[in-house]
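Notes for the one structure printed next.
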Amino acid sequence: MGSSSANKKHASTSSAPSNDVRAPHADTNRLLNDMAPQLMTPAMMNAMARISLQSTPIATTRDPFPLQRATLLLAPRFSMENPARSLARISSSLLQFSGLSKHSKSGREQQRTPITSMDVGVLEESQRILATADADLDASLDTSLLDDDNDTSDVAAAADAPVSLFRGYKATVPQVSTSKTRRRQLQASENIRRSKHEPHLLSLQELEVQDRDMLAERRNLEIRRALYHAEIVHVDAKIAALEATKASLQQKLLHVREEELELDDERQGVSELLELQRHRRAMPGGRGLDAGTVLPIGAGSSRWRKTPVFLPSEHDDLPHGIAFMSLNLETGPITALDFSEPYGTLISAALEDTVRVWDLSTGEDVGRLRGHTDTVKCLQVEDELCVSGSLDSTLRVWDLRRVDAFETACRARMEGDGQDVPEADDPCIRTLAGHSRGITALAFDHETLVSGAADKTLRQWDLETSQCVLTMDILWAMSNPSTSVDLRVPLESSAPLLDPLHGANQFAGPFSYPQPPYEDGSWEMYTDFVGSVQFWGFALASGSGDGGVRLWDLRTGQAHRTLLGHTAPITCLQFDDTHLISGSLDKTIRVWDLRSGHVLETLHYDYPVTALQFDSRKIIAAAGACAVDVYNRTSEKHSSLIKHGHTAPVERLRYMDRYAVTGGRDSCIKVWSL
């Protein structure tokens, strides 16, 4: 009994100082109690101890100077840059110097020791570090952080300021609700102690304590808000980086798609040459013939085919998007042009000038094609043949192989020889007459020629006999919409300015349309009722002044469909197996689906469109500006050909693979590498 009472007395006397020591550190104890469920789990303590042992070896024996050792471990500045190492140092300190660590002794693990004054030292050291971290954070943050009127600037300033590990952890531990509960419990206990008649007022000291608590909580909230803002900024930066990476990958994907299209076109060309070679080798006496010797009859016009041309190797060394050759006529605006192949023969026509022949490999003026009595409005070159249409209502077929000899004979006659030029040397081998007014559009393919004129008719010609075999009346097609218009084609919400369904009478007389101004402000009356024609096999497409694109059957001469959508005269068109692309004075280019008759895409410009050409990758357009527009069909982006280019609006162009020729109102012809 005596010993037990003595022990109880000794226990009570020994615990009293411990409580006295712990009393000043009540806040620290609460902090550690809040941290304990997350930090002081066995798995967490073992993991952090292993990390600490890897970075800072700890002696296996108890340190004789525990507080000094704890100071050395805990003194380095803690930050959010390496929280794992910082937590490991705290855990190792607590494990080693609070008696919670396990040391191997005689093959047995030492049991957990009771809390001693050494724990108080660690707690005191932790409290000092927390106080130091608070002071550093308060010094680094702007004092305006607590001003409610500057919340936005406060968040930005707090996000840039460094936050220590302990300060950030202390701020992020959910103590707000705990503090609220503690304050409410305190107020409730005070209310219980007071009588009902006493005023429910807290003392000055209690109010000051609560004010300090709330101020500390407010700082913690500001820190948490700053940390969340910093995380959001970090996430935004990652999102921006991912978006940039995505854009880069999409651009690479577009390049791959363009390369695929180019490879498909080249493979198509090789396949056709291979088929031609096999065909010729199978013919009697064709063993020694090469595929490139001559083309078979009906091989198709290179003007409208998508197969690329294999250019000379020096073309690859030319700067892309720059005019590398300029041909000056100094006679007037270019009215028509075409070339046989890259670095081949170019034929050009200008206002009030004869048709000229150029050598594109040297840029020299080779000769003239004499015979027309008025301006040539359209022409086309295929191999050694050229067909031109003029306002003199005639079509002429030229043999370009005779140009050199004819020019030599003409020069000899001019020099005074007095000899007549032999008729056999005349490049004009046929003259086709039949239209009653000027010819403004044509297309030919070996034995067949189709022309359109201001007399509002389309004519099909046999080049072997020079006879017109079919006449198609556009006015008749306009007057009979039941046979010429596909009523399933939806009209746009805005009615066309020109009504091709009910306006045949308004086109009975001479046609003229006020052309919208070009980039330089110039304009004129547009008088070409037939703006463009193209055919392939028995399929013929025409664009006319009424704004309609008509599809004809050359076997019957009937228009079986009209594509409606343009609100001004059609100036140019081209089609392939699936698409038809048309340009108009209404400042648009429309891409049509030939299977459904619907508009797939509409390109808008600032000025009227006068010429276009396309392949599977690009649409090249002359749209009333000095620059030539290049539309990438894969990336859906526009670019311009302007360097060393025209000084007046471009009106005519021809494009083949990566080689383009343009003519403008500045009387110049430019050759481009694309």
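Every residue gets a Cβ built from N, Cα and C, even glycine.
Note that the structure is predicted; figures quoted are calculated from it, not measured.
Under the heading compositional bias 'Polar residues', Swiss-Prot lists 1-18. As annotated by Swiss-Prot, region 'Disordered' applies to 1-25. As annotated by Swiss-Prot, coiled coil applies to 202-260, with the evidence given as sequence analysis. Look at Swiss-Prot and you will find 519-562 tagged as repeat 'WD 4'. The repeat 'WD 6' annotation in Swiss-Prot covers 606-641. The repeat 'WD 7' annotation in Swiss-Prot covers 645-674.
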Residues of the same chain, at least six outside the repeat 'WD 7' (645-674), with any C-beta under 8 angstroms of its C-beta?
302, 308-309, 311, 315, 318-339, 341-343, 346, 348, 350, 358, 360, 518-520, 522, 607, 610-615, 618, 620-622, 624-628, 630
May I have the DSSP-based helix, strand and coil counts for the residues of the repeat 'WD 4' (519-562)?
0 helix, 25 strand, 19 coil
Long-range neighbours of the repeat 'WD 6' (606-641), counting only residues six or more past its ends (CB under 8 A):
251, 254, 257-258, 261-262, 264-265, 306, 308, 321, 323, 515-520, 568, 571-574, 581, 583-589, 647-655, 657, 660, 662, 664, 672, 674
Which value does the mean pLDDT take for the repeat 'WD 6' (606-641) in this predicted structure?
93
